[in-house]
């Protein structure tokens, strides 16, 4: 009886946690809906007097608004991608691993299993990265998200504002969402500013629209400052081909820690997120190359890394060739979130 109560309580807490996790998303949605009403109705239809100006403002606003909401939707509802079945331990291997009490033997077992997989990363101690909750050998750049309770390919971070884990499957959409959010706030602030001045100087009558316009400018500026910092940081990460986790915890390779292990050069780093076809860079459709299980590495030659076989070799300077001889491989540290 007591066990039943505990299970019911645990289930209730999990349900409450799932419901509360949508609160930040709800807050963003309500702010966006209010901003739409304030801009379209209170500013464009009530405050702006020139018909031509109304039309121009509304056309550009709705063009930005469509991409802004579209990328936000994709960031929320694109599920994180998990490692495929070949990285999971079989039932027999799982039984052998769990029944083995000697850590060094367990380590060797995982090492033998990983030989058959395209895994080049290790933990800080040199062991194969293994998730004891998902019972799988982690692919390169994969990490376990404690919030989502699963391993996520190329995990960047868990974002409460989209109630989703940002990783290989939706990182492009998240970046686009940040970009269009910055553009959305900037557009609102620049078009509202002149009417803010007019209300401030008393050139326009003090009606209900005044408070919407004043507050709209304040909210747009506040969000713009925070979003442009976040967007700038992620642009820097993309230019270095890093995830947020890799920026805080340097990846470890077989030859040792190397913070630029996945850095292929500026253009190819961008292509790793947005793809080779530039016409898809601004549109929220999947175009990231690969399957999220393995990635080109800076120190691997073409014969070792098939992902580079159809690409031009990445040019390294003399210092890089001296420090990282051709053919060396790289590994990422285990990070749990």
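Cβ coordinates are placed from backbone N, Cα and C, and glycine is handled just like the others.
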Annotated transmembrane segment segment (source TrEMBL; candidates 131-153, 154-176, 177-199): 177-199
Of 211-233, 234-256, the range TrEMBL labels transmembrane segment: 211-233
Closest-packing stretch to the transmembrane segment (20-39), where packing means Cβ pairs under 8 Å, from 55-73, 177-199, 211-233: 211-233
Structural state census, the domain 'Palmitoyltransferase DHHC' (129-247) (DSSP three-state): 68 helix, 16 strand, 35 coil
Same-chain residues at least 6 beyond the ends of the transmembrane segment (177-199) whose Cβ lies under 8 Å from its Cβ atoms: 35, 39, 43, 47-48, 57, 60-61, 64-65, 67-68, 71-72, 74-75, 162, 206, 210, 213-214, 216-217, 220-221, 223-224, 227-228, 230-231, 234
PLDDT averaged over the residues of the domain 'Palmitoyltransferase DHHC' (129-247): 94
Chain residues in Cβ proximity to the transmembrane segment (55-73) (below 8 Å; excluding those fewer than six residues from its ends, i.e. six or more beyond): 28, 32, 36, 39-40, 43-44, 48, 162, 173, 176-177, 179-181, 183-184, 187-188, 191, 282, 284
